[in-house]
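Participant: Sharing the record's features from TrEMBL:
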- 73-326: domain 'Orn/DAP/Arg decarboxylase 2 N-terminal' (DOMAIN)
- K96: N6-(pyridoxal phosphate)lysine (MOD_RES)
- G278, E320, P321, G322, R323, Y421: pyridoxal 5'-phosphate binding site (BINDING)
- R323, R360, Y364, E392, Y421: substrate binding site (BINDING)
- 331-419: domain 'Orn/DAP/Arg decarboxylase 2 C-terminal' (DOMAIN)
Amino acid sequence: MSRSAHPAGPRHADVLPEGHYAAPPADLNHLDARVWSRTVTRNADGAAEVGGLDVRALAEEFGTPAYVLDEQDFRARCRAWRAAFGQGADVFYAGKAFLSRAVVKWLHEEGLNLDVCSGTELAVALDAGMPAERIALHGNNKSAAEIERAVTAGVGRIVLDSFQEIVRVAATAARHGVRQRVQIRVTVGVEAHTHEFIATAHEDQKFGLALVDGQAAEAVRRVLKLDSLELVGIHSHIGSQIFDMAGFEVAARRVVRLLADVRDEHGVELPEIDLGGGLGIAYTPDDDPWEPQDIAKALGEIVARECETAGLRPPRLSVEPGRAIVGPTAFTLYEVGTTKELEGLRTYVSVDGGMSDNIRTALYDAEYSVALVSRTSDAAPMLSRVVGKHCESGDIVVKDAFLPADLTPGDLIAVPATGAYCRSMASNYNHALRPPVVAVADGRARVIVRRETEEDLLRLDVG
Ligand SMILES: Cc1ncc(COP(=O)(O)O)c(C=O)c1O
Ligand SMILES: N[C@@H](CCCC[NH3+])C(=O)O
């Protein structure tokens, strides 16, 4: 079937998917501000620009695939979260979403704290100058070495996740003659409306100590008996990519209820609660995320109301957004390789990356959007599936998308909202070399994580 057979209207219209791509967008060239980072525009040539730089020049200089991160947007989001929560609360950026030395520096400068969940994330944070007291350590299976490192560095809090860990952290702190600040992570029994693999507060999963069967209360009892631990609060994280505040509301209510129980049983008012991260972002223009000021207001009101009911002094609140800060700030820039039209179905558009740089589509059925960014096009919309170059039929980056029918090998396309959980979950499958992260701001670009090289991989292969 030739392209000219479909001069107008979408091709493959007989298999239009449900949802966002049920119909092609009115203008395929439009870069929708709901999914693209703040400084993205099209220039006079029709190419996309970010931070004042043409994506064609970025591809030329840094190669593809590449994650392009809009520093101005990242900093603006940090400031918005800080301002929304104010002096009476703390914002811990969740480093698992994406962490690098540059990011740590920006966080430090913008007054955010940092949540890490491994000894190596902790090492990056400390190396890049984040003060230890502004770091929280998470993890359901922290090793002895990780605990040792956190305690000796003097991290501001360790979030305890199991009974064994209470003993381990207490012993390590005692050995070093310090009193370690800790929170207890509880599972509040909320089914967050998100993918099963990223919901974390129902009881049947590996994180935290359940409220419902008294495990959380028992953990409090045990921690309060240990001189080397200072129990400062309770932590709850209900899941990720959540749009519905109802789950947070239930979580806040149950956590405050536990604080009241602790006061009643032990005569102690714990001074902190952390309600975790999990706020959703727009991956497609259909998603409608909360703004930080609305989240801060809603959470603040819930906690205040529940504390008043329970007769408690409102504790200091903290939150741990990861995706909501870094997710929208980056896009992945790919070069189009082969395209394969399946008549009556769709066109497979292969790019020079794939599931090794974005596992989220394969893992969570995540939806993304995509656009031709090296030029504009007036061609008809073509129902497309953007796939990678890996030996796996599930190697899909964007499941359903309209791209212009004149798409050609060598064109650049970009997938927005890939700042979170893409580079940080990237793999070397098929010995793919993980792409660089290029930060752009004010007309300047710099590599903050360089592209892996064959030498990097061969150096590990010592057989
Ligand atoms: C304990 C904890 N805090 C914060 C986050 C960050 O979540 P998100 O990136 O969805 O905000 C996670 C990941 O889901 C987490 O497990
Ligand atoms: N990695 C997941 C979310 C889990 C976050 C960590 N608890 C994602 O890409 O959506």
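Each Cβ is built from the backbone N, Cα and C atoms, and glycine gets one as well.
As the structure is a computational prediction, the values presented were derived from the model and not from experiment.
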Participant: For the recorded positions K96, R323, which one has its C-beta crowded by the most other C-beta atoms within 10 angstroms?
Facilitator: R323
Participant: Measuring Cβ to any atom of ligand 1 with a strict under-6 Å cutoff, which of the binding-site residues G322, R360, Y364, E392 qualify?
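Facilitator: G322, by Cβ distance under 6 Å.
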Participant: By DSSP, how many residues in the domain 'Orn/DAP/Arg decarboxylase 2 C-terminal' (331-419) are helix, how many strand, and how many coil?
Facilitator: 5 helix, 41 strand, 43 coil
Participant: Can you tell me how spread out the substrate site is, meaning the largest CA to CA distance among R323, R360, Y364, E392, Y421, in Å?
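Facilitator: This binding site's residues have a maximal Cα-Cα distance of 27 Å.
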Participant: Relative to ligand 2, which of the binding-site residues P321, R360, Y421 have a Cβ found under 6 Å from one of its atoms?
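Facilitator: From P321, R360, Y421, counting a Cβ under 6 Å from ligand 2 as near, the near ones are R360, Y421.
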Participant: Cα distance, R323 (pyridoxal 5'-phosphate binding site) to R360 (substrate binding site), nearest Å?
Facilitator: 13
Participant: Averaged over the domain 'Orn/DAP/Arg decarboxylase 2 C-terminal' (331-419), what pLDDT does the prediction give?
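Facilitator: Averaged over the domain 'Orn/DAP/Arg decarboxylase 2 C-terminal' (331-419), the predicted model reaches a pLDDT of 97.
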Participant: Rounded to an integer, what is the Cα-Cα distance in Å between G322 (pyridoxal 5'-phosphate binding site) and Y364 (substrate binding site)?
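Facilitator: Just about 17 Å between their Cα atoms.
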Participant: With P321 (pyridoxal 5'-phosphate binding site) as the reference Cα, tell me which of the recorded positions K96, Y364, E392 is the closest one.
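Facilitator: Nearest candidate: K96.
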Participant: Which Cβ among the binding-site residues (E320, E392) has the fewest C-beta neighbours inside 10 Å?
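Facilitator: Among the binding-site residues E320, E392, the lowest count of other Cβ atoms within 10 Å belongs to E392.
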